[in-house]
Amino acid sequence: MRALAGALLSLLLRALLTSTPHALGANPGLVARITDKGLEYVAREGSVALQKELLRITLPDFTGDFKIKPFGRGHYEFHSLSLHSCELRGSALTPLPGQGLSLTISDSFVRVQGEWKVRKAFVKLHGSFDVQVKGITISVNLLLGREPSGRPTVTASGCSSHIRDVEVDVSGDLGWLLNLFHNQIESKFRRMLESKICEMLQNSVTSDLRPYLQTLPVTTEIDSFANIDYSLMEAPRATAQMLDVMFKGEIFNRHHYSPVTFLAPVMNLPEQHDRMVYFAISDYVFNTASLVYHELGYMNFSITDDMVPPSSNIRLTTKSFRPFVPRLAKLYPNMNLELQGAMASAPFLNFSPGNLSSTPLIDIEAFVLLPSSVREPVFRLGVATNMSAMLTFNTSKITGLLKPGKIQVELKESKVGVFNVALLEGLLNYYILSTLYPKVNEKLAEGFPLPLLKDIRLYDPVLEIHKDFLFLGTNLQYMRA
């Protein structure tokens, strides 16, 4: 019994640890939240698109027989039907918890024009007609899902349409005769249009909306070194007032993928509805980027004497070091030095309310450049610095800027005796401010793009720094072709 319990526990743990995308501790790195205000805008844009689709509907001819005293029996035909005008009003897109969204269009209007023919015995007559279709109500559920590739999917379900009123105006010879049985004609128009509207909606979701959702990027290039993974971790999640889309949000080396050893934090998003969409971008996104560039050695550097400004009180020569490191000058007379620096580990950004900071640690090793071109290690320094960061948004990208803080230098190892490293602080501070910071800020200014559908522009942004994440609120605009 104990063995069976152990086996069941082992299987349960294995299932929890390997199930995807809901793996244990697997939180999204980025969440896009579409608010009720955003859904209202999407509904309006959707109704504009559907209005164009309605005007393209091909309406079938329809026929019927009539019997009116004293004329007896006859046959009528309505043909060459075309939608002349259309106005969709009162559109609403509401969350359907656990499923997706519900689209409702109410109090809409359509005008149809066409030709009619009547045949009785050997007599044939014809004319034109005009149909006013009023009070159209359309509803359809949009079921949202996720493909194995991480792209969103959508399926139309439960479509229904209802027409409150149909008015047929028939002109031409014997038009008054057809008006006598307008109820029969109007009933056929109602059934035909209700069926055609749902058919159009189904086709539009399949041929237009579904491919459009496929324009949401799964992998986006940042530069020649890194990509960002924007695959969906699960199907978009609809709640009572909003729609949340969870993205992995991991930046990775595009040539060599290395698994990340830390998890994205749980983000507690504030309840805000002033903007159409909010992006919660966790520190996971920025820190996975730091890992990539650290592994690439992007922040490694070397300082040689020709890089030291002429005004400096110290040169990178053993002669210059004689007053405070006499042993160095004695062992290696009149030789140049080189300082090689690298981050001790990938510098992570720390997010706290209203504040962004980082405390990178730099290892610096000093070498004597021997006449044989061999580099002889002589001492090792540790440099600690505090820096603040500022993040901004420029219509589609998050960009950044580092602001330098004070540095502290520590002698970690020396083969030429103990000496006062404070004399090197000025030189190192100059290099970090004049070369290292500008290099990093140039890369941060390039930024990384947010996951956006095709032809979407963001505007009126508001940025907030919360614990563990950046919160960006913005409105959106669909740029029609």
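Each residue, glycine too, has its Cβ placed from N, Cα and C.
Remark: CYS198 (disulfide bond) has ILE138, VAL140, CYS159, SER160, SER161 as non-local neighbours, by Cβ distance under 8 Å and separation of at least 6 in sequence. Residues or ranges marked as disulfide bond in TrEMBL: CYS159-CYS198.
Confidence in the domain 'Lipid-binding serum glycoprotein N-terminal' (33-256), given as mean pLDDT, stands at 89. Taken from TrEMBL, the feature domain 'Lipid-binding serum glycoprotein N-terminal' applies to 33-256.
Here TrEMBL flags 271-474 as domain 'Lipid-binding serum glycoprotein C-terminal'.
Residues or ranges marked as signal peptide in TrEMBL: 1-25.
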CB contacts for CYS159 (disulfide bond) [other CB atoms within 10 A, all chains]: 18
